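Reading through the structure tokens given below for one structure.
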Amino acid sequence: MTTLTQSTTWKALQTHSSQLPHMRELFAQNPQRFEQMSVAACGLFLDYSKNRVNDETLKLLFSLAKEAKLSEKITAMFNGDVINNTEQRSVLHTALRSKATQTIIAEGANIVPEVQQTLAKMAKFVGSVQSGEWKGYTGKAITDIVSIGIGGSFLGPKIVSQALRPYWQEGLNCHFVANVDATSICEKLKNLNAETTLFVMSSKSFSTQETLTNTLSAKDWFLGQGASQQDVAKHFVAVTSNVTKATEFGMDANNIFPMWDWVGGRYSLWSAIGLPIALLVGMDNFTALLDGAHQMDQHFADTPIEQNMPVIMAMLSVLYGNFHGAQSHVILTYDHYLRGLPAYFQQLDMESNGKSVTLDGTDVDYSTGPVIWGGEGTNGQHAYHQLLHQGTALIPADFIMPLQSHNPLGEHHDQLASNCFGQTQALMQGRTYDEALAELSNSKLDEQQKPLIAKHKVMVGNKPSNTLLMDKLTPTTLGALIALYEHRTFVQGAIWQINSFDQWGVELGKQLGNDVLERIGADHDATDLDGSSNALVNLYRKGKL
């Protein structure tokens, strides 16, 4: 057994968690529950009162965090200590949104000047594209950007760009390509004009299979539209560490933006990987995005854990995963622009904390990362919310909503907000059998049917949720929101004693994919894989069933 599960606090939480009354009773016992269980920081407001906790629960959770030396681990990350022990790397995505006056050491050097130089280089490039100064090979300004990446190099820029749609530069559009499925890039290129299209290729090595394949196909398309090899530099730029390969491809060394080993892919949107975001919304808004994240960094680093928003959210997740048997967590965004956030947080959390050994290689004997999923309100209310209300699985929920809409049309936002708050109330409160039966008292149902229907209308409630609010969705509040979930993910990993910053499962998938590709391209049937894989490869080689 691990030391975590043998701790006195862990065992106390196991006992305590099974003894709490229903949340209805917790609210009845404490009229000040909302005021005592809410916190504001960095333009965000968190109501966590609709959780299965009382003062004693929170005390135990914070004790668990202290036993895990959470504060020391937070300091170690911000200081650039090598906390990614399997790859021997610092974890300094926070440095990407630091201020120019700060000093942050990685590998023996202050990395802040290099970060600031990259931002300045981005600003110059973004300004030239947005102003129309940057011309394509026929002298026309850029109208379309195609961002080519995979994983964090794709999902972060895409979701943030989608969320900041009200801030896009007029006349500029962006198209995101990640999947190696040819349909993805073919559909994107179908209606584009090569003369006015700019490609941004993001790959640290300039050799990531999906990204390189898509970039080569984009180049073939570009040349096929009448352009020449010497025109490539006007239409292709890269975010990469491999300047040699990028220049061999035809890119100008002046239009190659750096990546660093101390930034993981799923934390990289704050770096030059965010170039597509900056091209769309402008450098001022990109800087505001960084500033929102920096504000959350400061809150996370400096605030006592009892009032620390990322810590509170993380410890609640630990509570449900380790002491209530929850296997998933749902993110529900009540804002159309934020509809992509569940997928982004899914990658952030599951790639980080989908681990089964501790930092020292011990097999864990407790649950780690949950399945993260979700969608857009109110759509989900007519689908999977049914399972949240009456299913047998406990699924904690995060509701995220701005108080003000970018599109204030009639009563739309009032209805959206009422649905959001109503769902949190319904999950917490539920409906008893007596309440259901009373609601049916004036119905036209046969008296013998009413007890049966009432039974089907019962909802046990006591389903936990957080509500996250902001005045309005802006670059600053979005930056703070994303950083909040980054730090929440870190805290969970710190409690579970796992490495949240490697991804060996992803690496194995890449390795085996390349092995299979060799068999597909061979001049004979596959025989040296497992029986199923051999058969699938050979069936694919035939091209038909």
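Cβ coordinates are placed from backbone N, Cα and C, and glycine is handled just like the others.
E351 (active site, proton donor) counts 22 other C-beta atoms within 10 Å of its own C-beta, drawing on all protein chains shown. DSSP assigns E351 (active site, proton donor) to a helical segment in the three-state reduction. If you look up Swiss-Prot, you'll see E351 marked as active site, proton donor, on the strength of sequence analysis.
If you look up Swiss-Prot, you'll see H382 (among others) marked as active site. There are 8 other CB atoms within 10 A of the CB of H382 (active site), with all protein chains counted.
Feature annotation from Swiss-Prot assigns active site to K510 (among others). Sequence-distant contacts of K510 (active site), defined as residues of its own chain at least six apart whose C-beta falls under 8 angstroms from its C-beta, comprise Q209. Under the DSSP three-state reduction, K510 (active site) is assigned to helix.
Secondary structure from DSSP puts H382 (active site) in a helix.
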